[in-house]
Amino acid sequence: MGAIADQTSSSNNTTHPPPPLDSSMEVLPMDVHKVALPPPQTSLQKLKVRFKETFFPDDPFRHFKGRSSATKWLLAVQYIFPILQWAPNYNLSLFKSDVVSGLTIASLAIPQGISYAKLASLPPIIGLYSSFVPPLVYALLGSSRDLAVGPVSIASLIMGSMLRQEVSPTKEPGLFLQLAFTSTFFAGLVQASLGILRLGFIIDFLSKATLIGFMAGAAIIVSLQQLKALLGITHFTTQMGLVPVLSSVFHKTDEWSWQTILMGVSFLLFLLLTRHVGMRRPKLFWISAGAPLASVILSTLLVFAFKAENHGISVIGKLQGGLNRPSMNMLHFHGTHLALVMKTGLITGIISLTEGIAVGRTFASLKDYQVDGNKEMMAIGFMNIIGSCTSCYVTTGAFSRSAVNNNAGCKTAVSNIVMAVTVMVTLLFLMPLFLYTPNVVLGAIIITAVIGLIDIPAAYNIWKMDKMDFLICICAFLGVIFISVQEGLAIAVGISVFKILMQVTRPKIVILGNIAGTDIYRNLHHYKDANRMPGFLILAVEAPINFANVTYLNERISRYIEDEKMGEKQLDFNYVILDLSAVSAVDTSGISFLMDLKKTLAKRGLELIYVNPVGDVTEKLQRANEIHSFLRVDSLYLTIGEAVLSLSSMMKEQP
């Protein structure tokens, strides 16, 4: 059965197959199926298909086919501004739901914005600025109905820790603010570029195991950083590692303030209790959503009433009111810190983009609608580019805020607009009210927000399913808490890439056996009822064959043959069947390996048989055979069962 031709099913088929692989070969009986060549394609057509599947797997232009020019222009504008798709059908009922959800997330966004800005070592007002302009931009460009955008803890932590490595936010606040805005610009540029160039698959290198470990470690580091506010410590370390933070805490016991500790613990317990109630009873989401703002109001009143700022409790102080100020002139594209802001923008951009898209897709799946990943990248990217020019730092879709938005019954992105308008009112009229807001309550709000990032059940599931993934998770976690945020992430990504390389360079090869009474062949070490076929060694390669693994495959197959022939069982076989059904691709090194392996085995008195190669592999075998004529009539079969049956019959006919 050596002809690669159109597949025929039986001798009753009246169609005539095309010429065999080698017209001089004798064609086997027609009751054996033939391996068909894939439909002919030029190299340009193949390149076009590969390019499309790599960069346009969602086929975004499919809706343009067969449409008039005017319709195409309308669809193009709607693609850029998704708000134009649903705005014509917007009604009062949807608006009522969006107003409720928008006001609800605003009550959470205002205290979180102030808190996260302090986490990034930025003025608190920047957190409110970042909760005003970006949501408006996202409402125009974003495709998620549930995503509530604004500052997030992880990106704030990374930006603050990276920029503090070279610039002190207390000694050089102006320069630090410039670098924060510039880092945000580069973050947006990276995010938008990934969407425009359709390179979103890059963020897939941040695996679930990496993100779970990274976020858990970051949550602990963020929480430990809040001990400064919770204990009332004035002189605190700027380092992010576990050891320096705890060392700073216990070496500064003389600065601990019992008044601050009492207030901090009280409000922390209150916030944790409301969070627990919201998790246990989703219908009471408004309790946990409104708790941060309630804590800010109550603590501010207490400080004002008892003059607590005179008793060791630090307060935010005066915040300048007014809307966002232009900051384009503060972008820093030159000097010694350019490499720092580019690196900070790249890391914060990738992390925040991953979080935003993951959150958007999570809630889209709950409501059964689609979120376009590339649109989201562009929306978040342009949101940060515009934000960097309007006194905002890096923002994305926050899980806690989006969960509250979803539970509050949001229907469209108008909820972001309502939130932004509420923040605008706060910026214009309510800023004096934050004068006596204690920093300790902001620390408690941050701890309550980030504690949800520690997902122990998910880590346990990873441990049960894949120990290598769990190692990646643990490395990310330990790297973050003991070294630094960016180094911990880099270590985890490095191990993930190493795992992929190991899978590519050390593909799995298994010995197959026949399950009695069937035409099914399975792994002998997996299926106990699978039996070896006399006279055959059947191997299956379960990965693409390329230059990176041909040496290993050659050595591993040779070792299998030696073990089978000279090991304890000393089996006698004449044929080595290589099942290629799981080999999705092969390069020139792989083809050379398949040819050389056949020649090597022939010298040892063994015949190599190829079974069920897929289209790309079949086509390259055909081309190689046209040059080297290494395929015999009985070298290629569609299934293992037909190969064994046909070759067994030939062995019986031999004297």
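Using N, Cα and C of the backbone, Cβ positions are placed for all residues, glycine too.
What TrEMBL lists as domain 'STAS' is 526-647. The annotation region 'Disordered' is assigned in TrEMBL to 1-24. As annotated by TrEMBL, transmembrane segment applies to 122-141, 175-194, 200-222, 229-250, 256-273, 285-306, 377-400, 412-435, 441-463, 470-498.
Between the transmembrane segment (441-463) and the transmembrane segment (470-498) there are at least 3 Cβ pairs closer than 8 Å, counting only pairs 6 or more residues apart in sequence, which means the two stretches are in contact.
Sequence-distant neighbours of the transmembrane segment (470-498) (same chain, 6+ residues past either end, Cβ-Cβ under 8 Å): 157-158, 161-162, 205-207, 209-214, 216-218, 220-221, 240-243, 347, 351, 459, 462-463. By the Cβ criterion (distance under 8 Å, sequence gap of 6 or more), the transmembrane segment (412-435) is counted as touching the transmembrane segment (122-141), at least 3 such pairs being found. Counted as Cβ pairs under 8 Å, contacts with the transmembrane segment (175-194) are highest for 377-400 among 122-141, 229-250, 256-273, 285-306, 377-400. The transmembrane segment (377-400) makes contact with the transmembrane segment (122-141): 3 or more of their CB pairs lie within 8 A, with pairs spaced 6 or more apart in sequence.
Within the model, the domain 'STAS' (526-647) shows a mean pLDDT value of 88, rounded to a whole number. In terms of DSSP helix, strand and coil, the domain 'STAS' (526-647) has 55 helix, 25 strand, 42 coil.
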